[in-house]
Amino acid sequence: MVLRHIPIREAILGAAILVLLGVVSTRYSGFIAPANLANVFNDTAPLIILALGQMVVILTRCIDLSVAANLALTGMVVAMLNVAMPGLPIPVILAIAILLGAVMGAINGLLVWKLAIPPIVVTLGTMTIFRGIIFLISEGKWINAHEMSAAFTGFSRAAFLGLPVLSWIAIVTVIVFGMMMSRTALGRSIFAVGGNPHAAVYTGINVGKTQFLAFVLSGALAGLTGYLWVARYAVAYVDIARGFELEVVAACVIGGISIAGGIGSVGGAVLGALFLGVVKNALPVVNISPFWQLAISGSAILIAVAFNARAGRSQGRVILKSAEGSV
Amino acid sequence: MSDTTMTARYVPNRLNNRAHRVLRSWEALLLVVAVGVFVLNSFASPYFLNVWNLSDATYNFTEKGMIAFAMALLIISGEIDLSVASIIALASTAMGLAAQYGAGTPELVMIGLTVGLLCGAFNAFFVTVLGLPSIVVTIGTMSLFRGISYIVLGDGAYGGYPDSFAWFGQGYIYWVFTAEIAIFAVIAVIYGVVLHKTNFGRAVYAIGNNPTGALFSGIRVQRVKFILFLLTGLMSGVAAICLTSRLGSTRPSIAAGMELSVVTMVVLGGINILGGSGSIPGVVIAAFVMGLVTFGLGLLNVPGIVMSIFIGLLLIGVIALPRLWLMIAAKKRSA
């Protein structure tokens, strides 16, 4: 009875991260110093924010492959705005980034909602279109640190209560999404649409509209991350975050979010992202070449899916047993 | 298929029903697009209508096309393989490694095909034996296979392939017909026959339309899917041989992002991404459309990344426009 109330996937994933940290600390004890862990968290913050948006989309049985391209395009636009108008206040830049990202998400969402085009096709298309637009507006040029204003690049690195703003934004996003998924009608309808779209229709939920809203959320977060990313690394170019969309999906999958929709949690997505972040940061520390990173995250995905599928199956068996026992 | 009245009665969704009828003439629509692009190209650039140029243009799609046929069957059956480009990287790395030890062309070909098959079997094991969703499994193996290439090669590259190996990517069969286009054509015919004329092909459609129904009608669903994953692995091996031979070197980043071009080609070819419908001739025409678009834009000095805008618009446009048109027509009728 007690065991049933512990989210087993999150617990195991959390334990895996702790074991990983423990193993790394035997090679280099400085890795688990609070300051270094804060660095690892800050490094992983963009992945956490994007994974939350992707989680919402995957929960509604869709997938958003355009997040990295959306991030890169928004990042380029705000960087160019900053070059053109260095005096633009940061809140305005933030609003523009979120709005622009949300508009791109809305394009995905509308194509999925109104024209019923499969999400993987839509986002595959918009991914290539967004990347191409970055080249068109930037003419392939880089925007470097010396062209950006100090306020623009300083915002995401500014320390507040010992943590950079970037980390705080990730924490706030996690809290907001935690509240949204568990306490609001939108959160409930997102789970309902993914769990059983036909049943959702009969309870008065508009499936297409919910999927549209999920894409808008994912896009808005991608736009927000676009600004933070460009500000943090103080450079904007066409290929920013190329291939990152799959890392975001990977974080969700490792976090136990079912690609078939309806199953997953905010905690899972965050832990999945943290797992990848710890692996990425730990490799150089324990003297493994970073070339191993891809192979390790690939294996982690396979193990996580295999484990999740198994966990789901054994759960079914347990229910059956207790039913037999009661008869 | 003649009983359209039956369909109309049993499928109340008018939009789907009509869209289906348009989709049946998808190949015709694509052919018009292909001819249109060809004509546009010949007006846009004086260098286009030249047999040697046109022959070179085929390099834009042949390798992707070879994989696209196997991917088409896989997508029709309701699965997907996103690891194809990484299989190319791994097969190419294995061939490069063997070439360093003085392997000849026959050995290299054998190694390329074997690695492709093994990778396909690895995917197939996870999907059919463990019953995991293919999109996730192949996102995982996509990182895994390419990761192994990076572990082996790091920053480096392999060269030094035997001279005779160059035939696959640079040789000619007859006058302007490259070896690649010949291999592409042979594979197209084989897949066309397998999908449209054999029981195996019928099983693929049946699985895509209704896996449970297929199982109960005696089709060994898991075995068919296993074979389909082996085929995408094998085709990736073939593409790896051609690509490695054409480039003359192997880097771990070889064929990066190609999986998405392949899926684009398949979807553009009229294969339903949700499974159950599509044809091989559609994929062949889609391959030519994508090749002609990239080649024509290249002659006009449009940078590669901007071409991707056109490919993306083409992908969404060809699917969205017929549906949009039908929606407007349906609205007019009801008004």
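Note that Cβ sites are derived from N, Cα and C of the backbone, with glycine treated the same way.
Just so you know, TrEMBL annotations never went through curation; they're auto-generated.
As recorded in TrEMBL:
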TRANSMEM  B:28-49  transmembrane segment
TRANSMEM  B:61-77  transmembrane segment
TRANSMEM  B:109-132  transmembrane segment
TRANSMEM  B:173-194  transmembrane segment
TRANSMEM  B:226-248  transmembrane segment
TRANSMEM  B:254-275  transmembrane segment
TRANSMEM  B:282-299  transmembrane segment
TRANSMEM  B:305-326  transmembrane segment
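Counted over residue pairs separated by six or more positions, the transmembrane segment (B:61-77) shares fewer than 3 Cβ pairs under 8 angstroms with the transmembrane segment (B:305-326), which leaves the two as not touching. Ranking B:28-49, B:226-248, B:254-275, B:282-299, B:305-326 by CB pairs under 8 A with the transmembrane segment (B:109-132) puts B:226-248 at the top. The listed stretches are B:28-49, B:226-248, B:282-299; of these, B:226-248 has the most Cβ pairs under 8 Å to the transmembrane segment (B:173-194).
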